Amino acid sequence: MTKYIFVTGGVVSSIGKGIVAASLGRLLKNRGLKVTIQKFDPYINIDPGTMSPYQHGEVYVTDDGAETDLDLGHYERFIDINLNKYSNVTTGKIYSEVLRKERKGEYLGATVQVIPHITDALKEKIKRAATTTDSDVIITEVGGTVGDIESLPFLEALRQMKADVGSENVMYIHTTLLPYLKAAGEMKTKPTQHSVKELRGLGIQPNMLVIRTEEPVEQGIKNKLAQFCDVNPEAVIESRDVEHLYQIPLNLQAQSMDQIVCDHLKLDVPQADMTEWSAMVDKVMNLKKTTRIALVGKYVELPDAYLSVVEALKHSGYANDAAIELDWINANDLTAENAKKLLGQADGIIVPGGFGQRGTEGKIQAIRYAREHDVPMLGICLGMQLTCVEFARHVLGMEKANSFELDPDTAYPIIDIMRDQIDIEDMGGTLRLGLYPCKLKAGSRAAAAYNNQEVVQRRHRHRYEFNNKFRQDFEAAGFVFSGVSPDNRLVEIVELPEKKFFVAAQYHPELQSRPNRPEELYTAFVTAAVKNKNQSL
């Protein structure tokens, strides 16, 4: 029988529900259980694919092409699993599916209501996420906080699950903030008490409290919360601020969180062996070197817009025993005149993805600086496309070269819209999304990075591709197309082999990086950056 764990939040948002859920998932996986995890987002968008990065942060793409919440990145990195489209559910997605069924007459003339139709659809998504992965345990995080009007149908569905599958198969974990008032010199439990009262008013009695705090929590405070919130004292778990996120699973295990969960759900499984994870954390906290990477982006005011990029850089830094020092460079501010000032101290330059005209000229200048000064450079998605544009302009003499996306009237459309995208009008869910194969060119930098594999599978999110009309011109000038689709039609990786490292990929390699298994192309880039720093000392 599948076990269901539901993680809710109270008092304030952004208190780390996703990290708690992911950490618990890692502990249960290390007990030998097959775990999957999903996020409920109560907003009305179908998915975050068309949302501004300033509103939502990055869009995380799964193997099967779902555009999802960035928390799924945390889930995959912590638990080391690949999730699917059932792992992110929004209000908009549920309502659109229910309304589509109503239009088809599938409800046989019934009045369509929140209960039972919306709640039934939500419960079906929970169960589908478990069955499609054949999981022993599914952890479902509900976005937002208890008391938000948008969350009510989701919480009602969670309440009903207890009756549907049995109380011994369901566990409710409530995460809250425990504020510390310096003036009073004490922690305040009232916000948590009121949050639990609100949750209980909706018919959900939490079985565990996870309290987010900056300071150590005395047992007396835990006992008080246990008494007023009607949970066992040992089930009041402290989630204190840490230096590195990957410490959190170990901290939770030290408080027997996973054992309490297993006892409640009647799971008779061995203790979690966290030896390898602990060794990884110890290494992360004792890195001997540093390397400086300039990240040139258009959304740098909100680092969450590049969350997976940053995490992938860190993972590859761990593999090189190096901490990554990031210089956040706003592409809008970068010009040919100030490129040396902004980029001159960098050991490596990364140009990540994006959409639209703004900031593209600055990114092109960053790529040009990397090429002309032989600074290791990695381009991702739009960064790959602009790598081609930069080469066309400044090496091939095509001064007005551009992407069709950025200038439909350009005489040199180096990057063109994909043929199957030409007549598409909807913006959401219509990109080339998900896992696709990339055939590697033997002897190339890309092939070396991937241990000379012939084909790798990587996740994509784009609508435009390199225009093959110009391929011969590029190759004649020494530009290497080191990764292509199996039919040779789509360019996936480009490089200049004579440089220290000058490689750009159309796909998003960062989405498959893990702390204990860094993505290979990122690792090759960071290795080159570390070497570049050593050479310049």
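Glycine is treated like the rest: Cβ placed from N, Cα and C.
Site annotation for ATP in Swiss-Prot covers SER14, ILE15, GLY16, LYS17, GLY18, ILE19, ARG240, ASP241, VAL242, and the matching candidate from ASP64, ASP69, ASP71, ASP80 is ASP71.
Separating the Cα atoms of GLY16 (ATP binding site) and GLY354 (L-glutamine binding site) is a whole-number distance of 26 Å.
Here the domain 'Glutamine amidotransferase type-1' (292-535) has a mean pLDDT of 94 out of 100.
Within 10 Å of the C-beta of LYS190 (CTP binding site) we count 10 further C-beta atoms, all protein chains included. When the Cα positions of SER13, LYS188, THR189, LYS190, PRO191, THR192, GLN193, LYS224 are compared pair by pair, the longest gap among these UTP-binding residues is 23 Å.
Annotation note: GLU141 (Mg(2+) binding site) sits in a strand segment as assigned by DSSP. Under DSSP, GLY383 (L-glutamine binding site) is assigned to a helix (H, G or I) in the three-state scheme.
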